[in-house]
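Marked as GTP binding site by Swiss-Prot on the basis of sequence analysis: 21-28, 68-72, 130-133. Summarising the annotation, Swiss-Prot assigns domain 'Era-type G' to 13-181 and lists sequence analysis as the type of evidence. Per Swiss-Prot, the feature domain 'KH type-2' maps to 204-288. Residues or ranges marked as region 'G1' by Swiss-Prot: 21-28. The region 'G2' annotation in Swiss-Prot covers 47-51, and the record cites sequence analysis as its basis.
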Amino acid sequence: MTDITRPENPESRCGFVAIVGRPNVGKSTLLNHILGQKLSITSRKPQTTRHQVLGIKTEGPVQAIYVDTPGMHEDEPRALNRYMNKAAASALIDVDVVVFVVDQLAWTSADEMVLEKLKRVKCPVILAVNKVDKLEKRELLLPHLEALSKKRDFAEIIPLSALKETNLEPLESAVGRFLPESVHFYPDDQITDRSERFMAAEMVREKITRQLGAELPYSVAVEIEEFKHQGNTLHVSALILVEREGQKKIIIGDKGERLRSIGQEARVDMERMFGSKVMLRLWVKVKRGWADSDRALKSLGMSDF
């Protein structure tokens with residue numbers, strides 16, 4: 001493993017940490033459990049994360065600024081997929097540490113593709129072997145870790161379970177050791193750089209993803225049209241964009257039941273995060289070809305890198 005030494009007992013450390021990996025290995029779950037609250041949306045469906053999400057964790061003198069990225073995947077022709085790949089790749093620029101997340105004993109061509117992209121990275125790369133709680137034959141883990149250690153000179157290799165919060169402390173400790181001495185960039189109580197509007201849109205999109213499962217088309221986006229505090233109530237109006245009428249019917253459901261359920265669950269999460277009563281209104285609109293249009297992506301805040 002790489003021997004990267006840092007001065008002992010620094011007064012203050014701060015830096016950027018990119019969390020990368022192929023889709024559905026648990027990157028967003030890892031970030032959420034490190035922070036101690038939900039910031040990135042999660043589901044069993046791969047490629048749920050579309051944006052870089054900045055999560056900030058401050059523990060005493062150490063401030064780690066985590067960037068949760070979309071899963072890197074094989075090249076796709078759609079503009080949305082190109083955007084997601086660019087978002088993931090851009091997270092590797094000017095970071096201080098990379099956490100490369102893989103799925104326990106599984107190693108795929110997509111993992112190899114991510115590893116290939118990491119060859120250009122000069123900072124420490126920590127390999128986080130996630131979901132070890134699901135291993136049926138634990139005796140296979142050590143040989144697998146030894147095989148992984150030969151693929152790259154990793155700064156650390158840490159088996160963990162993000163969901164069960166197993167071995168997260170060694171991971172955070174390793175990240176902290178590799179961060180540079182620096183003043184903190186953010187207030188110690190700040191956990192993200194994202195706006196409340198962005199977080200509201202992500203909460204709605206998560207509920208759509210979780211409720212629809214295999215029915216969900218990837219080409220679903222959420223646009224916040226109103227986000228306004230009036231007295232003790234937060235009024236939020238969100239537009240759900242799909243590409244076809246059939247997708248619209250799926251999201252609305254029989255007599256609007258599915259859409260109401262999505263709204264109820266999203267509202268509960270918003271009230272918990274924003275600390276106020278929320279009045280949430282949802283609409284569904286067909287916008288054909290938005291996931292293939294660079295212009296449409298930019299209008300939704302998904303700009304080129």
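Numbering starts at 1 and runs along the chain as displayed.
Glycine is treated like the rest: Cβ placed from N, Cα and C.
Counting other Cβ atoms within 10 Å of each Cβ, the binding-site residues Asn24, Thr69 show the lowest value at Asn24. In the three-state DSSP scheme, Gly21 (GTP binding site) is classed as coil.
On its own chain, Val132 (GTP binding site) has Gln104, Arg138, Leu141, Pro159, Leu160, Ser161, Thr166, Asn167 as residues at least 6 apart in sequence with a Cβ closer than 8 Å to its own Cβ. Residues in the domain 'KH type-2' (204-288) partition by DSSP class (helix H, G, I; strand E, B; coil) as 41 helix, 30 strand, 14 coil. In the predicted model, residues of the region 'G1' (21-28) average a pLDDT of 88.
It is Lys27 that, of the binding-site residues Gly21, Lys27, has its Cβ surrounded by the most other Cβ atoms within 10 Å. In the three-state DSSP reading, Thr69 (GTP binding site) counts as coil.
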